[in-house]
Amino acid sequence: MQRLLFPPLKALVGSPCLRLLVPRAAPRTQCGCSCGIRRSLRPGQYSTISEVTLQSGRGTVSLPSKAAERVVGRWLLVCSGTVAGAVILGGVTRLTESGLSMVDWHLIKEMKPPASQEEWETEFQKYQQFPEFKILNHDMTLAEFKFIWYMEYSHRMWGRLVGLAYILPAAYFWRKGWLSRGMKGRVLALCGLVCFQGLLGWYMVKSGLEEKPDSHDIPRVSQYRLAAHLGSALVLYCASLWTSLSLLLPQHKLPETRQLLWLRRCAHGTAGLVFLTALSGAFVAGLDAGLVYNSFPKMGESWIPEDLFTFSPILKNVFENPTMVQFDHRILGITSVTAVTVLYFLSRRISLPRRTKMAAATLLALAYTQVGLGISTLLMYVPTPLAATHQSGSLALLSVALWLMSELRRVPK
């Protein structure tokens, strides 16, 4: 991995495309007289050389811009993979009801798990003071507590790994000068979003630790905070993957026809639908709405259940009524797979490169696979392995949608 991300400096220096930072000679223009006039160069303009440099002992040597882009692109691809791992692990943590097992948050202190029986007893006693133990897990043993504690611990440690995967290489690339001015802004935004994501995760957990004397419901985190936590993770994932694909995949010079314009718009709209469907899954998970109506295509005995609008005001049903939340998730899923199908047949009517056609076909296959997983999860009363696979499928579908968007992006003039 190190050799892929950071090619040896000796090999780069020996490359014929790597030159000393010397301003390029401006071409001579004929002006009607015997003298040649050199065009003036803007400050910092160099030929085939990145605008940023590596410092060496003998002088200033630049990394070619294409090589720098490949290194940064591969780094962001790895980062997006770590974010995907965090999302999947977080989903499993939610499905195993492990998210409220760690009742405090410390950036450094909690990195060391309990080592002795006494430390485990102390940790268990802290958990026993909160609603989840009192209402739901009052007969839990220490061995069972260790399982859910390690699930949440793994999710938190993975989150710290994600932070290091972004911040440390970003600082290294910045110092070495491998980031262009525009890329610096993106990297700063991504690193800031990583830090915000960690704080938002603890803010979400706190909502499930609060005492609610007037409620006899099972203790759970706020579905609003869960959706915000998942949504910010999806934004981080999409931004990282999109930037990576933009740097690594060569652009196709496609003719700007009306059909291509429609296809590009459809691809953007479909990706937005897939994102919204995945986000609505957070409300399904937060309210355990997957356990309300376990039948398909009907919900119980009817197509439209009678308890869709039991809450007042009506808008409250969209976010707090489990029946409406499941109904919305179904509609969004069906709409998404319909949009993917239309997008695929539109792509068949246009002459596209092979890689672009492959992205459209993969998107179609994944969309129908995801629908099958969703229906199976519902009919089997949300078993953890199947539900986790369904959640992972939404990330895969979103990834391929971004891949197709990258294939269709406009070539700058």
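In case you wondered, yes, glycine gets a Cβ from its N, Cα and C as well.
All TrEMBL annotations are machine predictions without curation.
Quantities reported herein were computed from a predicted structural model and do not represent experimental measurements.
Per TrEMBL, the feature transmembrane segment maps to 75-95 (among others).
Packing against the transmembrane segment (157-175) from elsewhere in the chain are residues 5, 71-72, 75, 78-79, 82-83, 85-86, 89, 111, 184, 187, 190-191, 194-195, 197-198, 201: each is 6 or more residues past its ends and has a CB under 8 Å from a CB in it. Taken from TrEMBL, the feature transmembrane segment covers 157-175 (among others).
The list of residues near the transmembrane segment (187-205) in space but at least 6 beyond its ends in sequence, with Cβ under 8 angstroms from a Cβ of it, reads 76, 79, 99-100, 102, 105, 156, 159-160, 162-163, 166-167, 170, 173-174, 179, 221-222, 225-226, 228-229, 232-233, 235-236, 239-240. The transmembrane segment annotation in TrEMBL covers 187-205 (among others).
Residues or ranges marked as transmembrane segment in TrEMBL: 225-249 (among others).
What TrEMBL records for 270-293 (among others) is transmembrane segment.
According to TrEMBL, the feature transmembrane segment maps to 329-346 (among others).
As annotated by TrEMBL, transmembrane segment applies to 358-382 (among others). Proximity of distant same-chain residues to the transmembrane segment (358-382), defined by a Cβ-Cβ separation under 8 Å and at least 6 residues beyond the stretch ends, is recorded for 95, 270, 290-291, 293-296, 333-334, 336-337, 340-341, 343-344, 347-348, 352, 389-390, 393-394, 396-397, 400-401, 403-404, 407.
Marked as transmembrane segment by TrEMBL: 388-405 (among others).
Between the transmembrane segment (270-293) and the listed ranges 75-95, 225-249, 329-346, the one holding the most Cβ pairs under 8 Å is 329-346. A Cβ distance under 8 Å defines the sequence-distant neighbours of the transmembrane segment (75-95), meaning residues of its chain 6+ beyond its ends; these are 1, 5, 151-152, 154-155, 158-159, 161-162, 165-166, 169, 173, 190, 226, 229-230, 233-234, 236-237, 240-241, 243-244, 247-248, 285, 382, 384, 387-388, 391-392, 395, 399.
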